Every structure is written in structure tokens, then in C-alpha cells.
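Here is what Swiss-Prot says about this protein:
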- 19-39: transmembrane segment (TRANSMEM)
- 69-89: transmembrane segment (TRANSMEM)
- 122-142: transmembrane segment (TRANSMEM)
- 157-177: transmembrane segment (TRANSMEM)
- 189-209: transmembrane segment (TRANSMEM)
- 219-239: transmembrane segment (TRANSMEM)
- 275-295: transmembrane segment (TRANSMEM)
- 318-338: transmembrane segment (TRANSMEM)
- 378-398: transmembrane segment (TRANSMEM)
- 400-420: transmembrane segment (TRANSMEM)
Amino acid sequence: MLTAFARAFKTPDLRKKLLFTLGIIVIYRIGTHIPIPGVDYSAVQFCIDQTKSNSGLFGLVNMFSGGALLQITIFALGIMPYITASIILQLLTVVIPRLEALKKEGQSGTAKITQYTRYLTVALAVLQGTGLVATARSGALFSQCPQANNIVPDDSIFTTLTMVVTMTAGTAVVMWLGELITDRGIGNGMSILMFISIAATFPSALWSIKEQGDLAGGWIEFGIVIAVGLVMVALVVFVEQAQRRIPVQYAKRMIGRRSYGGTSTYIPLKVNQAGIIPVIFASSLLYIPALVVQFSGSTAGWAAWIQKNLADTAAPAHITVYFFLIIFFAFFYVAISFNPEEVADNMKKYGGFIPGIRAGRPTAEYLSYVLNRITWPGSLYLGLIALVPTMALAPLGANQNFPFGGTSILIIVGVGLETVKQIESQLQQRNYEGFLR
């Protein structure tokens, strides 16, 4: 792989794209350390050192921002507003006929949906930025830190507006950087930035496990985490590559004196057709009750029950609800992202058919049947991959947002495989040996 990478770097066009991508990554990482006005960073650093917490929705967003959220920098919101906007637009495409029509218009329709995604990203950045400022000012961002109320010493409207505008502008810059990578670099820009953000949290998270360990100065716990992480990566790579291939045959057509069609291909249905989306949905939805309790400050019985059973990631109720939410969202997202009837209609239009299955409605029913059968093991795999590392590493101080937890492993492996495949295809075009041998 290293030899192939070296050969890719020797190709002028690929080298230019790789260097451009690396340059954008450096700019992005610099932005995650630039402070915004109105924040007492001595208090922020004190609270970060005191709490060492990375759980819940704040932990999820902090992981996606490369640790910039809890440091309240200009890239504090990271790519989370863009991810949320993309998911919302994808869901609305099923509900709103106008968006569904745009999706079918090809490149022009996709450009329009991308424009809507940008607008929604900025709107969500304003909303999330305001929420972050309010959370930091109230002390809820570091609820266990005695100096949490001193993070934003000036509560004037001007300071609040300045902080929100700065973080919103930072989100717009992150979105622009991601699009630059997509257009002029290697891989999907937002996915690359997500990969880098998660990878940036690895050193500190691993070292904190070592510092909290008691066996052999923490090195045994450190080794256990590395071993579990490598096993999980191998498992995820294996399952993410697994797919059910539905054979498709195209009938021959005579146009003039030439024969067209008659080729054989297949429809690849991945075991994990839903990807990482169900885990993100479940994590976000499950944290909403805890967020309501945190902001309300209530000490009633219902609030205590939520804190005990839903806010605690090690509680049996939290684990059970989290697992079933992942399964539900896996089926839900597959249902809206893959339309068997549309696939069957397109096949029929171009003379394609599945051997032994009639074209049209029987083909759609067969695709739905196969998709449901492979979604079951795929959803169970997602639930287990999200929970097993958490439960196995919980005694060592890890949670579902730990770098070797299910969420981060799924993202890192998925983005890594797609990026390597893209470089592989470009190498093959230049008659080089690829990465995946």
C-alpha cells in the first residue's frame, strides 16, 4: 500500500490533488484552535482539565468538530450543521414532491438541492451557535466545573451577537473548505474533514485512558483499548465491504445494423445499507431528554429518572433504548434512501431484468424482499458495533463517542475505504497498481 501511495504521489495530477487536500486540512486544523472574542479561555481550559467529559450530544458534536466545540473556537460547530442539513434535506426529499422532482433532474437539480443545503446549514449554524453561547453562559457546558459560569464573563447583546456571527462564519468557511476538497482534491470534502476531526481526538482520548489506568501505570488499559480498537476496525472493514449482488441481464436490441445491450451486471446491496446515519440519529434523539432536564434545572421525579436511566450511557435503560432506536432508524433510512420501485422502473425502461423475475412490479417486490432480509443483520450489526465497544471499554472511562467507539470507527473506516477506492480508480486509469491488491 505504501509503494502504491508513493507511486500515486509521483503522478503530477494526483500529487497536486493530494497536496491541495493536505493544505486544506492544515487550514481546517488551524481554525479549530483560533479563539472567538468574548470567551475567558483560562476558565475554558480549567474546565476541560477538570471534567474530561466526552459523553452525550456535546461529546458527539465535539468529536465531529475535532475538539473545537468545548474549546469554543471559530470552528466550534464544525461540520455538524452541514451533516444535519444534509440529513434533513434528504428526509424532506421523500415528503416534498418539489424536492423529489429536483432530485430527478440530474446535475441542475442536484445543484439546486446543494444550494438549499447551504442555506439550511447557515440557519442551523445560527441556531446551534446561539444554543452553544447560551449553554456556555449558563455553565451547563461544563456542569461539573466550578468556573463554568465564568466562561463568558460579558453577557451583553453585542458580545453574544459577535460570538454567534463568528461561529456561523466559521461554519460557512468549513463548508467552503469541504467543497474545495470535493472539487479540486481527493475524496468527498466533508467526509475527509469529518475523518480528520475524529482522528484529531485520538491522541488525547487514548492518553487519558492511560492516565486513568491503575495497572502497570495505565499501560495495560492502554493496550486493551488498542487491541479492542484494532479488532473492531477489522470487523467493520469486513462488514462494510459485504454486499448482496442482485444479477441483472439486459436484453439485446437491434438499432439499424448494430446490436446493443445483452450485457450482464448486478445491483450491489450493502449489508450496512444505512451507513452511519442511524447511529447519529439515535445518539441525538436519545440525548434530547437529558438536554431538557439540564436546561430546566428541575429536580422532580421525572428529571431524576431521566438523569439516572437515559443520561447515563452505562444504564440498562439507555443501552436498550439506544439499541432499538438504531434498528428503527436503520430500517427507516433504508426505506427512504433506496426506492425499489424506481430501480425496477429504470431497469424496465432500459430493457434490464433479474433472471427468473418478471420486470416491473415483481422486480420491485423482489428487491424489497431482499433489502429487508439484509437490513435485519445490518441493523443488528450497527446496534452491536455501537454498544459493544462502549460496554467493553466502560470500566476504562470510555463512552460511545470515544475514538474507538462504534460511531467513530464506522465513520473512519467508511471514509477511509471510499477515499482509498477513489485513489485506486485514478491509479488504474494511469496503469499503476492500486491500493487494494
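Cβ coordinates come from backbone N, Cα and C, glycine included.
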Between the transmembrane segment (318-338) and the transmembrane segment (69-89), are there three or more CB pairs that fall under 8 A, provided the residues in each pair are separated by 6 or more in sequence?
no
Looking only at residues six or more beyond either end of the transmembrane segment (318-338), which have a C-beta under 8 A from one in the stretch?
90-91, 93-94, 269, 273-275, 277-279, 281-283, 285-286, 309-312, 371, 375, 378-380, 382-383, 386-387, 391, 400
Recorded stretch that, among 19-39, 122-142, 157-177, 189-209, has the most CB pairs under 8 Å to the transmembrane segment (275-295)
122-142
Examine the transmembrane segment (189-209) against the transmembrane segment (122-142) and state whether at least 3 Cβ pairs sit under 8 A, considering only residue pairs 6 or more apart.
no
Using a Cβ cut-off under 8 Å, which residues of the same chain at least 6 positions beyond either end of the transmembrane segment (122-142) come close to it?
39, 47-48, 50-51, 53, 58, 69-70, 72, 76-77, 80-81, 84-85, 148-149, 151-152, 155, 160, 163-164, 167-168, 171-172, 294-295
